[in-house]
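Accompanying notes for the structure given below.
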Amino acid sequence: MNPYANTIITTSLIMGPLLTISSNHWILAWTGLEISTLAVIPLIAKQHHPRAIEAAIKYFLTQATASTLILFSSIINAWTLGQWSITQMSNNISCTILTTALAIKLGLAPFHFWLPEVLQGTTTTTALILTTWQKLAPLSLLMMTAQSMNTPLMLTLGLTSTIIGGWSGLNQTQLRKIMAFSSIAHLGWMITILTLSPKLTLLTFYTYIAMTSTMFLMIKLLETNKISVMMTSWTKLPTLNTMMMLTLMSLAGLPPLTGFMPKWLIIQELTKQHMLIIATMMALLSLLSLFFYLRISYYTTITLPPNSTNYLQQWRHKINQKHYLALMTTLSISLLPITPTLLTAI
């Protein structure tokens, strides 16, 4: 890619979400979202492959629809109240439209159909950006308007996302699609607790970014994109392969790993709010995600299933070590003991 174009895209990618987060006016927030969207589209389409072009078009259409709804929602609110402040959302119709628009932006169910297809059609690095950095601006808008949101609607979106994220991931063999459904399921946990405890949503988002970033960087380093390739990835870097298994278990929320912390605190908060049925459903639905994480770990570390397809042998060879992965892996699997400190910090 041209260095000048690369600089413009990178700057826009950084400045777009930051503009949305720091703004208090709906037009500025909408502008930040548009800048961020337009910066990602060239990254998706730069492969010059039909699947990449298809992914870029799908991403553009869904994000443009969501941005239109956000602008429409803010105009209705400004028409009713006479002001454009993000935190002053008191019109019910405007709040409902805004919730729908941000759900499309984030990829929440039932507006999730674009996310797995877009991630499958792009590179691992761009998929990492889409599942972490690009979630920051829409989630910040949800945080700023949380006091105006309809709690039953948010609980419904959260439960639906957790169900679909776990259920749809069971039948997948492509790692990027599995991570897409993992993202949908984790966003479901965040949205479920958003109106009840925004701090827990932040904590869940931070741990989600750490675990998902670590997983994508491991996939990129091992040059794997589907489960069948993962079966022979242990020949490259056995230690990294072991840490990938632990990261997957952390994503699943198994104690004593980092991923257990936000799920445990969310279930505890739902129980305190006397939402026992929802807390029980969320705990049971996490087992769906656990299954496909365990399946990847099983294929990667324990056995090779009978298969008549011949795979190219991947000999163990020296790979440039990525030192930042050591820190990220530590954050992904060992933060549970300092939970009280993290709760105090946020």
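Just so you know, glycine gets a Cβ as well, placed from its N, Cα and C.
Bear in mind that the values here come from a model prediction, so they are computed numbers and not experimental data.
The domain 'NADH:quinone oxidoreductase/Mrp antiporter transmembrane' feature in TrEMBL is assigned to 23-288.
The transmembrane segment annotation in TrEMBL covers 57-79 (among others).
Tertiary neighbourhood of the transmembrane segment (91-115): same-chain residues 33, 58-59, 62-63, 65-70, 72-74, 76-77, 80-81, 130, 135, 137-139, 141-142, 145, 148-150, 153-154, 157, 160-161, 163-165, 180, 183-184, 187-188, 191, selected by CB-CB distance under 8 Å and a gap of 6+ residues from either end. Look at TrEMBL and you will find 91-115 (among others) tagged as transmembrane segment.
According to TrEMBL, the feature transmembrane segment maps to 152-171 (among others).
Under the heading transmembrane segment, TrEMBL lists 178-197 (among others).
Per TrEMBL, transmembrane segment is recorded for 203-222 (among others).
Here TrEMBL flags 234-254 (among others) as transmembrane segment.
Distant neighbours of the transmembrane segment (274-294): 155, 159, 162-163, 165-167, 169-170, 172, 178, 181-182, 185, 189, 192, 248-249, 251-254, 263, 266-267; these residues of the same chain sit at least 6 beyond its ends, with a Cβ under 8 Å from one of its Cβ atoms. TrEMBL lists 274-294 (among others) with the feature transmembrane segment.
The annotation domain 'NADH dehydrogenase subunit 2 C-terminal' is assigned in TrEMBL to 290-342.
Remote same-chain partners of the transmembrane segment (324-343), defined as residues 6 or more beyond its termini with a Cβ less than 8 Å from a stretch Cβ, comprise 199, 203, 207, 210-211, 213-215, 217-218, 221, 240, 243, 246-247, 249-250, 255-261, 265. For 324-343 (among others), the entry in TrEMBL reads transmembrane segment.
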